[in-house]
Amino acid sequence: MAMNSMCIEEQHHLEHYLFPVVYIIVFIVSVPANIGSLCVSFLQAKKENELGIYLFSLSLSDLLYALTLPLWINYTWNKDNWTFSPTLCKGSVFFTYMNFYSSTAFLTCIALDRYLAVVYPLKFSFLRTRRFAFITSLSIWILESFFNSMLLWKDETSVEYCDSDKSNFTLCYDKYPLEKWQINLNLFRTCMGYAIPLITIMICNHKVYRAVRHNQATENSEKRRIIKLLASITLTFVLCFTPFHVMVLIRCVLERDMNVNDKSGWQTFTVYRVTVALTSLNCVADPILYCFVTETGRADMWNILKLCTRKHNRHQGQKRDILSVSTRDAVELEIID
């Protein structure tokens with residue numbers, strides 16, 4: 001555990017209430033939503049739909065992050081005091097950033113896949129196979145694990161001595177000011193994990209929009225639905241990830257040569273923390289936008305629910321039959337006696 005000599009006197013009022021509320025809502029909604037999305041995308045992948053591979057990976061990434069939220073809820077409710085082991089801190093930070101940047105990668109793959117399907121339906125068919133999607137998804141998981149593995153080797157906790165009610169309390173990862181290795185890593189992530197995916201998604205969605213708008217065979221109502229979906233996808237990406245990365249860049253510039261006792265950038269750090277909470281909303285938006293708004297996705301989800309209901313009813317029927325037999329046997333035994 002690394003000891004940080006900086007003394008922060010911030011009272012954590014905003015984070016104490018905002019973060020737990022946001023994280024609790026995201027956890028309650030995103031866990032069942034992403035489990036459902038995993039089921040839907042698995043069914044789509046079984047139907048030789050390469051998009052299902054990307055959706056499955058996206059849902060898995062969101063679910064893994066959502067499962068760490070109870071730890072972050074506890075952390076923020078305790079005024080940024082990490083009460084668990086340093087290993088859990090490292091693991092939580094790893095899955096948090098793994099989700100941020102694997103999500104942007106898988107969203108980019110989905111945008112490219114839809115672009116090729118609409119604009120070049122025959123020309124690049126070899127890029128739209130399950131095999132290619134599986135290899136691409138596996139490569140993303142490996143690369144993201146490699147780039148984020150640095151978080152597992154660094155000391156992600158530091159001790160702060162400014163709360164008069166406590167002898168000390170432990171921070172997890174979000175140190176102020178940023179260390180040099182964090183600045184370099186953040187600049188790399190912002191370029192490769194945010195800027196390039198955002199540009200790619202916007203270009204692909206614009207090309208799809210133009211192709212759909214000029215397609216005479218598509219009904220106007222269907223065109224409007226597709227255009228609204230494209231706009232929602234782009235807007236969600238921008239709202240969830242842009243504020244965070246803007247604040248990351250600002251922090252990298254302001255804190256590059258900042259002394260540990262310099263509190264001039266603390267307001268910026270507070271705004272940055274709010275944008276971190278905002279990124280968690282992506283876990284809720286992804287399954288809704290990518291799995292449950294399409295007719296195929298809704299149909300698959302409905303089939304899953306019917307299957308589960310049928311199994312439940314069959315199980316209840318079996319229990320009633322067993323109970324009936326048991327009661328009849330008991331009556332027969334009483335007669336024999």
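Glycine is treated like the rest: Cβ placed from N, Cα and C.
In terms of which side of the membrane each occupies, Swiss-Prot places ASP80 apart from LYS306.
In the disulfide annotation of Swiss-Prot, CYS89 is paired with CYS172 out of the candidates CYS7, CYS162, CYS172. Model confidence over the topological domain 'Cytoplasmic' (45-48) stands at 85, taken as the mean pLDDT rounded to a whole number. According to DSSP, ASN81 (N-linked glycosylation site) sits in a coil region rather than a helix or strand. In the three-state DSSP reading, CYS172 (disulfide bond) counts as strand. The two recorded residues CYS172 (disulfide bond) and HIS245 (site 'Proton sensing') have their Cα atoms spaced 19 Å from each other. HIS16 (site 'Proton sensing') and ASN81 (N-linked glycosylation site) have their C-alpha atoms 11 Å apart, to the nearest angstrom.
Here the Cβ of HIS245 (site 'Proton sensing') has 21 other Cβ atoms within 10 Å, regardless of which shown protein chain they belong to.
Per-stretch counts of Cβ pairs under 8 Å to the transmembrane segment (85-120) identify 49-79 as the leading one among 49-79, 177-214, 265-293.
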